[in-house]
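Take a look at the structure below.
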Amino acid sequence: MSILKIHAREIFDSRGNPTVEVDLYTAKGLFRAAVPSGASTGIYEALELRDNDKTRFMGKGVSKAVEHINKTIAPALVSKKLNVVEQEKIDQLMIEMDGTENKSKFGANAILGVSLAVCKAGAVEKGVPLYRHIADLAGNPEVILPVPAFNVINGGSHAGNKLAMQEFMILPVGASSFREAMRIGAEVYHNLKNVIKEKYGKDATNVGDEGGFAPNILENKEALELLKSAIAKAGYTDQVVIGMDVAASEFYRAGKYDLDFKSPDDASRYITPDQLADLYKSFIKDYPVVSIEDPFDQDDWDAWQKFTATAGIQVVGDDLTVTNPKRIAKAAGEKSCNCLLLKVNQIGSVTESLQACKLAQSNGWGVMVSHRSGETEDTFIADLVVGLCTGQIKTGAPCRSERLAKYNQILRIEEELGSKAKFAGRSFRNPLAK
C-alpha cells in the first residue's frame, strides 16, 4: 500500500518547545508520529534542525524541518509509490536525498518523523501490532516485555538543583510481570516523595523534566541513600535495584570532572577520571547499583575501557555511542562499555535504530531503549522495546503523562499477549539468553 499524502506540522513537546509531528495517509487511514528532543545531547548525534530565528520560540522553532517534509520529502515518497512495509527502502531514500553524514540538510527530526509514521503504517498494512512489525523488521521471532528503569531523582542538566549526576533510577527486577513492575515502581516513587518531604520539606518534592524529584542536594551519595530508604519503606529491598545516568560529558573540564559544576567555576575541586571511577565503585559496594550510564566524557575512551573491565556491572554508552553504528563498532572493539542506550532521534531513522540495536546485541552487549527529556504523547518506543527484545527501557518516573503514555502502552501490550507475555525480570541485560 503506497503513501497517499504526508503532512508535517510544529507541535509542542513536554518542555513547551516546538517539535515535529508527521501525519501519513495510506488507503488504510492516518498514521501519526511525533519526534522527541534531548537536553543533554552528545556532540556526535545526528543533527536536530532548529530554525535559530531568535524572534520566534527563542530560536527553537522547527518550521524548516517541517517545510523540508512538506515540500521535498513528501512529494518524493508519494511519487515513488513505495509500499509502507518497505521500511528500509523508504529510510534509505530519505537518507540519500539528505546526502549528509549527520542528516543536517533535512534534519534528523524531519527524517525520523516520517520514518516513525511509515513504521506505524507498515504494521497496519500487514495487519499486525506495531511491536510485532518491529520484531519482524529486526528478525526477532519472539517479543519480550522490558524492565522499566524509572528515573525518580533528577539532577544534572534536567534539574535546577546542585546535583551533578543526571538520573537516579529504580529497576523492579524482582517483579513477575510488567504490570507488577509498574506497581512496585509507583509505590517506591510515592514512598520516596514522603522520605524527601520529611527530610527536606514540601518544596523539595517538585519534579524535574522527566517526572523525578529534584531535591536540592549536592552529594550524589545522598540521592542513593534516599532511594535505598524509599525502597526499604515500600518493602521491596530484594526486588528493586538501582541504575544511574551520570551524563559526565556535562561536567567534563579539561581532562578532569567537576562534581559541583552548577556553582561558580573552581579548578581546585576537579577530580581525575580515576578518582571518579573510585567514587562509582564505592556506590556499587554500598548500594544495589547495577547499571551506570555515561560515567565519563564522550571522548574519554581510556577511562571507559578501564572502568568497564573492572566494575562488574552494566556500563551504558549514550553520549559515547549516540545510537551510531560507527561509534558502537569502535566502542565494541575497545570494550569501552557493555550496553547501548538506544534513542531513535540520535540516529534519525527506524532502520538505523534497528541496525544499531542488532550490532550492539551481536557484540554481546545489552540494549536499553530510551525516551528523551523533551517528549510527546507518542508511544512508539513502547512497541520498539518489546519488538527488539532488549529487556530494559527508561522513559522517566511514573509521573507526567508524556512518560506514562509509554508505560501504559507496554501494559496494554502485555495484556494483549496474555499467556504468551514474557517479562525480562532479572535477565534484563540479556533477556534472549536461554
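Note: Cβ is positioned from N, Cα and C throughout, glycine not excepted.
The shown structure was predicted, so the numbers you read here are calculated from the model rather than taken from an experiment.
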Given ranges 195-224, 255-284, 375-404, 405-434, the stretch to which Swiss-Prot attaches the annotation region 'Required for interaction with PLG': 405-434
Further binder of Mg(2+) 2 named by Swiss-Prot next to Glu293, Asp318, taken from the candidates Asp98, Asp136, Asp238, Asp245: Asp245
Swiss-Prot substrate site partner of His158, Glu293, Asp318, Ser370, His371, Arg372, Ser373, Lys394, selected from Glu142, Glu167: Glu167
Rounded mean pLDDT for the residues that make up the region 'Required for interaction with PLG' (405-434): 96
CB contacts for Asp318 (Mg(2+) 2 binding site) [other CB atoms within 10 A, all chains]: 28
The region 'Required for interaction with PLG' (405-434): DSSP-derived helix, strand, coil residue counts: 19 helix, 1 strand, 10 coil
Distance, Glu293 (Mg(2+) 2 binding site) to Lys281 (N6-acetyllysine) (CA atoms, angstrom): 14
Cβ-Cβ neighbours of Lys5 (N6-acetyllysine) (radius 10 Å): 12
